[in-house]
């Protein structure tokens, strides 16, 4: 602050006027005096009491370099100070030099026992109460010759001070002390200061003992409420140099912290920052003026509440402005660091000013400020968490989708979950570590729940895919082979079917079989479908695949072994035994007895297979699935625990078998009849004597051919061609070709003859037509019409 500014601040202002009105511009005066400096609690308030015209203002001006108005004794002795005035100074007169640094606010209180007030002691009492409530040191200004007097040495005023102090602090456990500094003016030294101190102390103790003390303060002593100090000042006019020296020595006690008799101990301070003192003083004076009981702690609490809330609001406003510029799209650690920095700046701003007020109020408002900050942070962090949640869900889904062809789902789920939770920890740990939010457990739980939901969904898809792949493999590798086994059945056909079924099923789940199981045969633990399932769910999936396999086998067998197909199987089996021998060469029947014997064997061979195909069994034991079929999983088990509601092994009923046998017998009977006819044809042949007659009668022709070279050559060509055709097995194509050629030739000849005949008849018809023919035509036409009408 400039010297001109300091000079203006040393000029006093009226804090409370003679009309008992508090100056509302006090805070502006403080700000003008302090400027941009942060004073905080580093200031002191000094008040002065004394009789009117006793030199109070003169003392303050000399000691603190203030500029209070003083009385001009050469003109008139009258009241100079009206009400209560206050001045600011940082220049205290000391023995070394003018001390600077500490801010002093000096209150010059209207003098007592003045003619202007007369018997009106109301303001005197209220001023004393105000000074006690706001000051650290209360200077009692008196002359040496007044010591020992009652009115002259302000004993009446001091009694008022004691009474007021008792009313303020008598019932309090933690009593607010104040220093009473007795300044003996015009001290000559003839009477030692110690003697004057003893006299004053005795008078004060006597006065204290006579006071009516409030409840709870009956046994209190004067020292519980006051500390006392005494000093003497030489005559200002007669001994100006000694007066100045005494004032400087007094100033040392206000500025030198190392002195044992340093006056401004921290126990006297009101504990209010300077920016709250004016509000506090105004509130106290309002209570005093309205004659209400003044409760200083309450007033201090009100001031603390008001000022800390104001400080907190300002800090939060600055915080909100900076926070609005913060981008929520920052990565988690950066966002947390930025939030932490804003929070620290806000709390630091509040702590710098708010911590100077009552601790309880300061902490309460600090907590409210932190709650408001946390609310802001919670909203922003919630937005960040929502974006992070969606991002991590997408990351998990993409991770699970990657390498699906070469990596099992369980590993992809594990990697995806670990990656997501690692990123979540990296993105959110700083929020908790920096105490921006208490915990992210709820967000982590929600994320885990979503991941588990997605994982369960992926497991469901993969389970369906595994089931579908196994089902497709089983159907593809089972259908044709099983149908082939059934269409060409052997006596152990069902054993072959089951062997093939077991082999196909084993291969369909081979990739999921656990290695190195040794002799372990428990199928509930033999397979791992790599879906990160518990043992029970893993086994349930295995049972589902096996159930589908049994269902496929059931459908193939029962759909193929219908009545018509079984009849065909029996016919083929009958024919293979009846028409062919053991070398698969067609039989040539010689007689009916041989046909009947072969028929009996072939029929038994076929009908025995009917019994085998009617019920699926191995070694005489019906085949029963070890799991329920897919279409009847909900059917109840029988007493043996077997799922036989669908009776897997029962293929043909008795009625169906009867129908099959009837169809088979018809076919077999036809085959027998045809075989017997073939035996009859083989016995009906040309007699040998016919060949002898042909040889005798055709001898000449035969010899003619042998003697003619042309016929010999033609015969050799024909024989050679016939041999070639026979060796190449071309008789059938040759016969087909000959038949086609004959047919074409026949058609061509017929067409030619038809053309010739039509050409011959046309001229005759054109030359003349007999009358009779027309008549016959007419008759025939009429007859046709009559027949049509009759019909």
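Start at 1 and count along the chain as shown; that gives each residue its number.
Glycine too: its Cβ is placed from the backbone N, Cα and C atoms.
Looking at 686-706, 749-769, 770-790, the range annotated in Swiss-Prot as transmembrane segment turns out to be 686-706. Restricting the average to the domain 'GB1/RHD3-type G' (40-268) gives a pLDDT of 80. In this structure, 51 is the one among the binding-site residues 51, 54, 57 with the smallest number of other Cβ atoms inside 10 Å of its Cβ.
Tertiary proximity for the transmembrane segment (686-706) is limited to same-chain residues at least six positions away from its ends with a CB under 8 Å from its CB atoms, namely 712, 715. Mapped onto three states, the DSSP output places residue 51 (GTP binding site) in strand.
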